[in-house]
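Participant: Following this message is one structure expressed as structure tokens.
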Amino acid sequence: MMLHIVILAAILTGAQCFQLNMTQFYEMPPLYDLDDYDRCLQEFEGQSSTYCFVRAEVQPDVSVAAWRAIAEISQYDRHHFDHKQLYFGLCLRECEASLAGLDNSELEALQAGLLTENAKVNVYLDLFSMETTNRQRHQRLTNACLNWRLQRRGFGVQAKSVVEYCDQAGHQLEDDAWNLIFYGILGVLLVLACLGSLVDLHLKRGRHDKMLKERDHYKTPPKSTAQQVLLTFSVARNWYRLNQEPSGKIGRELRFLDCFKFFAMFMVIFAHTNWVIYESAISNPQDPERLLHTAAGTLLVSGSLITVTFFVISGLLLTINWLAVSRTIQSKEDTWSFGQYAQLFVKFNIFRYIRLTIPYAFVLLMSGVYFENAGGPLWRHIFEREQLACRRNWWTNLLYINNFVRTDERCLLQGWYLAADTHSFVLSLILLMLGHRFAKWSKQLYAGILALFVAVPAVLTYAMDYYPIFIPSPQTQKDSFIGDRQFTEFYTSSLMNFGCYFCGVLAALVYDQLALKQYKLRELKSFQLLWFTLIPVGILWLFSAHPIFQHYYVAPSAIWGALYAGLQRNIWGFGLGIFIVGMASKVGWIFRKFACLPIFRILGRLTYGAFIVHLLVARIVLATVREPIYFGTGMMFAFIFFTMTMSYLCSFLLAIFLELPVSSFLKLMR
């Protein structure tokens with residue numbers, strides 16, 4: 001333990017430090033310059049007022065101090081924003097008034113040109129294709145206006161620009177087919193919930209055995225199939241299902257997983273809320289930039305390992321379900337035909353697809369619903385962009401190919417995980433069936449697969465020249481990961497994550513064998529020592545990327561970088577697998593007792609809903625900013641906890657009215 005701490009201290013001390021020159025920093029123009037949105041559109045009633053959101057890119061000019069500062073500071077692209085990318089919210093009435101005193105030659109001198117060569121900006125322009133007329137109409141005025149402001153404030157630089165969108169006073173949105181479909185489905189769900197609840201109440205009051213407890217009523221299904229289907233929508237019955245204790249020995253031993261899922265979800269919401277904050281307007285970008293140069297910055301970057309937790313748990317649960325089903329069939333038949341394997345494969349995938357996709361599709365539908373701009377200048381940039389992407393590319397999400405198809409126009413960006421998890425589910429199920437069919441060779445098969453998918457990330461990193469770790473840089477997050485090869489090909493790829501998923505499969509197989517042999521792992525002191533050692537080792541492993549991330553001037557060795565890329569996620573997944581097996585074997589003392597608290601039973605079951613809805617909540621919250629916000633610890637956690645609370649509240653409603661009814665209906669079909 002002490003050796004690890006000494007090594008960590010040496011690494012952190014050895015990594016090069018960076019001091020941001022604040023005098024130079026303030027020579028640059030601010031990233032955001034937003035006019036008063038409400039005043040622009042409301043001050044002159046009955047008159048046409050227009051407010052345009054404009055993207056600008058500062059043009060190189062080494063003779064100007066502002067450009068030299070931009071070039072110097074922006075070169076540290078892993079830690080800093082790209083300060084030549086500027087964002088303007090312009091009230092055209094104010095622009096016209098400020099330029100009214102200039103003659104034609106002065107106005108022409110302010111024209112720096114149309115911004116056309118920025119591929120990331122072009123993605124936004126393509127999504128907002130309905131704004132083509134506004135771009136053509138207001139291009140020259142907005143470009144002259146923002147360059148006049150840059151000159152007047154003494155920055156001495158000029159910028160090319162393009163209008164992303166414009167808002168006009170008095171503009172009204174009309175409901176279209178997408179909106180009407182959403183309202184119709186929402187209405188049907190409410191009607192079914194009311195009918196199911198009323199029927200449930202009628203059956204409860206009409207029961208003859210008054211000695212039955214209330215929970216016994218919810219455990220007992222009615223005899224009529226129609227009533228059984230209708231009662232899947234009963235609010236009271238779904239609340240009972242949400243809160244019921246796990247059944248069976250395995251359910252009780254693994255109930256701590258609900259705690260794991262909840263805290264992993266908290267870390268996901270923490271990271272994603274910060275990403276949406278970066279995507280919005282920040283008044284003090286220097287503070288998050290400086291933070292990323294510290295050990296805390298390394299911890300934030302390495303926090304992407306938290307996603308591995310979900311892959312491991314998913315692989316574990318798949319394998320446990322497979323073992324239960326296969327043993328049930330094995331007790332009836334000694335040998336299986338190919339048709340039986342195929343039938344089980346199709347059944348597993350169909351039931352999983354329906355269970356996950358129906359709530360997912362509802363959130364996708366909700367994400368594309370148009371409603372009035374409730375936010376301000378950034379509402380369309382942050383929120384409507386997502387709406388447009390969902391309306392255009394919803395099918396990629398429902399086919400679970402959104403982690404490699406149309407990746408620059410993602411709808412519900414977090415859906416990449418569901419795509420990678422689906423691919424891993426299918427492949428793991430095939431491997432489990434092969435291991436079952438060729439039982440004598442199963443150990444060699446599983447060992448070979450694990451070794452292969454530890455090697456695959458390393459080989460791909462070396463061959464494709466990926467950076468050894470995924471770095472969500474400030475500008476990458478501000479651009480919503482558009483055009484980021486490292487995110488699309490390295491971080492979200494199914495191939496790069498399958499090793500972690502398979503660690504969960506192996507953990508379940510080990511847990512199963514321990515249970516069959518009734519091996520008391522908790523009585524083995526050496527394993528207890530190993531289990532408790534995993535906690536500090538896991539924390540230290542989060543800092544293992546520090547020398548790579550904080551080494552600014554020299555690129556890491558291609559071979560060593562590839563080796564680290566192959567090990568970083570897979571070692572975390574393997575260690576987590578050991579950790580889960582130990583806790584399932586009742587190792588962990590107070591940690592296990594805490595993880596098994598009843599409150600996590602509900603929170604853990606709401607995690608899936610919170611996962612698919614939390615970015616929608618974060619976007620709604622942060623798209624309402626009307627001026628740059630101060631990025632501080634208090635503000636950050638205020639947004640995080642609000643997003644967390646609202647996400648779980650939305651997940652609760654989604655579970656009661658849709659997710660649990662679907663799950664109950666699937667049980668009736670089995």
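Yeah, the Cβs are placed from backbone N, Cα and C, and that goes for glycine too.
Unlike curated entries, TrEMBL annotations are predicted automatically.
Annotations for this protein, taken from TrEMBL, read as follows:
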type: SIGNAL; residues: 1-17; note: signal peptide
type: TRANSMEM; residues: 180-203; note: transmembrane segment
type: DOMAIN; residues: 255-655; note: domain 'Acyltransferase 3'
type: TRANSMEM; residues: 259-278; note: transmembrane segment
type: TRANSMEM; residues: 298-324; note: transmembrane segment
type: TRANSMEM; residues: 353-371; note: transmembrane segment
type: TRANSMEM; residues: 415-434; note: transmembrane segment
type: TRANSMEM; residues: 446-470; note: transmembrane segment
type: TRANSMEM; residues: 490-509; note: transmembrane segment
type: TRANSMEM; residues: 529-549; note: transmembrane segment
type: TRANSMEM; residues: 569-591; note: transmembrane segment
type: TRANSMEM; residues: 603-622; note: transmembrane segment
type: TRANSMEM; residues: 634-660; note: transmembrane segment
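Relative to the rest of the structure, where do these features sit?
Facilitator: Within the same chain, residues 217, 222, 227, 230-237, 362, 365-366, 368-369, 656-658, 661 sit at least 6 positions outside the transmembrane segment (180-203) and bring their C-beta atoms closer than 8 Å to a C-beta of that stretch.
Taking Cβ pairs closer than 8 Å, the transmembrane segment (298-324) reaches residues 250, 254, 257, 260-261, 264, 267-268, 270-271, 274, 291-292, 348, 417, 420-421, 424-425, 428-429, 432, 469-472, 491, 497, 500-505, 507-509, 511-512, 541-546, 549-550, 568-569, 572-573, 576-577, 580 in its own chain, all 6 or more past its ends.
Nonlocal intrachain contacts for the transmembrane segment (415-434), taken as residues 6+ away from its ends with a CB within less than 8 angstroms of a stretch CB, comprise 307, 310-311, 314-315, 318-319, 322, 341, 344-345, 348-349, 352, 356, 360, 397, 400-404, 442, 445-446, 449, 492-494, 497-498, 501-502, 505, 611-612.
If one looks beyond the transmembrane segment (603-622) by at least 6 residues along the same chain, the residues whose Cβ comes under 8 Å of a Cβ in the stretch are 242, 257-262, 264-265, 268-269, 272-273, 276-277, 279-280, 356, 359-360, 363, 366-367, 378, 382-383, 386, 412-415, 417-418, 639, 642-644, 646-648, 650-652, 654-655, 659.
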Participant: At a C-beta cut-off of under 8 Å, are there same-chain residues at least 6 beyond the transmembrane segment (446-470) that contact it? List them, or none.
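Facilitator: Long-range Cβ neighbours of the transmembrane segment (446-470): 301-302, 304, 431, 435, 485-487, 489-491, 495-496, 498-499, 502-503, 505-506, 509, 545, 548-549, 556, 558-570.
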Participant: What is the average pLDDT across the domain 'Acyltransferase 3' (255-655)?
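Facilitator: Mean model confidence (pLDDT) across the domain 'Acyltransferase 3' (255-655) is 93.
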Participant: Okay, the transmembrane segment (569-591) and the transmembrane segment (353-371): do they have at least three CB pairs under 8 Å, pairs separated by 6 or more?
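Facilitator: They are not in contact.
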Participant: Between the transmembrane segment (259-278) and the transmembrane segment (634-660), do 3 or more CB pairs sit under 8 angstroms, pairs being 6 or more residues apart?
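Facilitator: Output yes: the transmembrane segment (634-660) sits against the transmembrane segment (259-278).
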Participant: What residues in the same chain, six or more past the boundaries of the transmembrane segment (490-509), come closer than 8 Å to it by Cβ-Cβ distance?
Facilitator: 304, 307-308, 311-320, 323, 403-404, 407, 416-417, 419-421, 423-425, 427-428, 431-432, 446, 449-450, 453-454, 456-457, 460-461, 466-467, 470, 565, 569-570, 572-574, 576-578, 580-581
